[in-house]
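Written out below as structure tokens is the structure these notes cover.
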């Protein structure tokens, strides 16, 4: 039957997404101009935020770049922000864009070493609780000195590596180098249950690791971009920052790790999945086969990757350059010394990060709408006019709520600027300023684990190649992050109230 042009256009719009989803996006695009005229730009601005969050929540139905991008373009056309405003937001976050372009690609060229190390760990450590603690604590420790996105890229690379190894074996195609692990058509029926259990197992580890990046990232000056911003305004160096934040960050870290143990013991919130024995055997055999196949050339590659990994950690820990530029150095070193000179081989490394980079620019457009329309101003004004003794906890709560919706750096910038202005005007003391700065820092970092749009690392995980493989949806991430959200928010809030 011949398809009409209008039918073809309808089918092409958002590709293979469900019809209801296409209709919802079209409804958004029709409602928005009407809302601007009838409800005004302020209310419509909040409508745009809700619509964008919806596209993130439906990431498994359609990659958010397309529907979210259409909404962002319309925001500019309707005058809720300007192209200059978007450019300003993008320019302000250029270091994050550089990081995604180059650092994530750099990690791609380290995947052999990462799989080698983590495979040994997974095969040798039998206790799921111990493995979960290792993932969470390692992510926290690394995120205290490296960028959370870099650490998340490592977790994703390891997860995809494990999944592809088992998926090949479960399909009876262990020797097929071109096997597509995104398709389950070839999975042998006997392996279906183990595959689903392995998915749950990897999902648990990735969520523990992702939350670990927040646990570590809050504690040091270089842990998160907003930490640098707050420290600069407050005039704190690395040691000052750590000591000021420690009364909150250290108890939160301890309680976060305790939460890992409780979740794995109780199997609450969909945690507690075990590594099936058949999967462990396959990973064990894979390790033995890889060890037997190792030539001097392969060993040389692993040595180079190990050396470059050390250079990477030292470069980021001492902040010798912007993270993205360090990532570019990693790409050059690994490809040069491991003989990867084919353009197409190099190109594969950028496939994972560039769609997310584009999505992040779309996100910055929504942040620009928030900025231009002063959508957060009423909340900011309420907190700033509260009694002095209740301000720290209210700053913590307000920053947490707003950071779960918007960009952490944007929220931190708004609040720390207002608090600094109050200090300069003599309205608050230096001691109170330091307390509020810690409340702002911990507020933007801890409760924001509630949603994927609250943490760039979470959003990266949600929109990465591994999310559909492990059936990790927006709703699933929110559900699995919920116990952490409660623990981090309550413990963080109590520490801000009583320990500062």
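Just so you know, glycine gets a Cβ as well, placed from its N, Cα and C.
Under the heading transmembrane segment, Swiss-Prot lists 13-33 (among others), citing sequence analysis as support.
Residues or ranges marked as transmembrane segment by Swiss-Prot on the basis of sequence analysis: 34-54 (among others). Outside the transmembrane segment (34-54) by six or more residues, the chain places 24, 28, 64, 68, 71-72, 75, 78-80, 362-363, 366, 369-370, 373-375, 405-406, 451, 453 with a CB less than 8 A from a CB of the stretch.
Swiss-Prot lists 62-82 (among others) with the feature transmembrane segment, giving sequence analysis as the kind of evidence.
Per Swiss-Prot, the feature transmembrane segment maps to 97-117 (among others).
Residues 96, 99-100, 103-104, 121-122, 155, 204-205, 208-217, 219-220, 222-224, 253, 256-257, 260-261, 264-265, 313, 316-317, 323, 455-457, 460 of the same chain lie 6+ residues outside the transmembrane segment (129-149) yet bring a C-beta within less than 8 angstroms of a C-beta in it. The transmembrane segment annotation in Swiss-Prot covers 129-149 (among others), and the record cites sequence analysis as its basis.
The transmembrane segment annotation in Swiss-Prot covers 242-262 (among others) and rests on sequence analysis.
Residues or ranges marked as transmembrane segment by Swiss-Prot: 306-326 (among others).
Marked as transmembrane segment by Swiss-Prot: 350-370 (among others).
The transmembrane segment annotation in Swiss-Prot covers 392-412 (among others) and is backed by sequence analysis.
The transmembrane segment annotation in Swiss-Prot covers 449-469 (among others).
As annotated by Swiss-Prot, transmembrane segment applies to 477-497 (among others).
In this chain, the transmembrane segment (62-82) does not touch the transmembrane segment (477-497); fewer than three CB pairs sit within less than 8 A of each other, excluding pairs fewer than 6 residues apart. Long-range contacts of the transmembrane segment (350-370) within its own chain (CB-CB distance under 8 A, at least 6 residues past either end) are made by residues 45, 48-49, 52, 63-65, 68-69, 71-72, 75-76, 80-82, 85-86, 88-90, 93, 96-97, 100-101, 104-105, 108, 153, 156, 376, 406-407, 410, 453, 456, 459-460, 463-465.
Scored on C-beta pairs under 8 angstroms, the neighbour of the transmembrane segment (62-82) with the top count among 13-33, 97-117, 242-262, 306-326, 449-469 is 13-33. Sequence-distant contacts of the transmembrane segment (13-33), counting only residues of its own chain at least 6 positions beyond either end whose CB sits under 8 Å from a CB of the stretch, comprise 44, 47-48, 51, 54-55, 58, 61-62, 66-67, 70-71, 74-75, 78. Same-chain residues lying 6+ beyond the ends of the transmembrane segment (392-412) with a Cβ under 8 Å from its Cβ atoms: 49, 53, 89, 92-93, 224-226, 229-230, 363-364, 366-367, 370-371, 376, 379-380, 382-383, 386, 435-436, 438-448, 450-451, 453-456, 489, 492-493, 496-497, 500.
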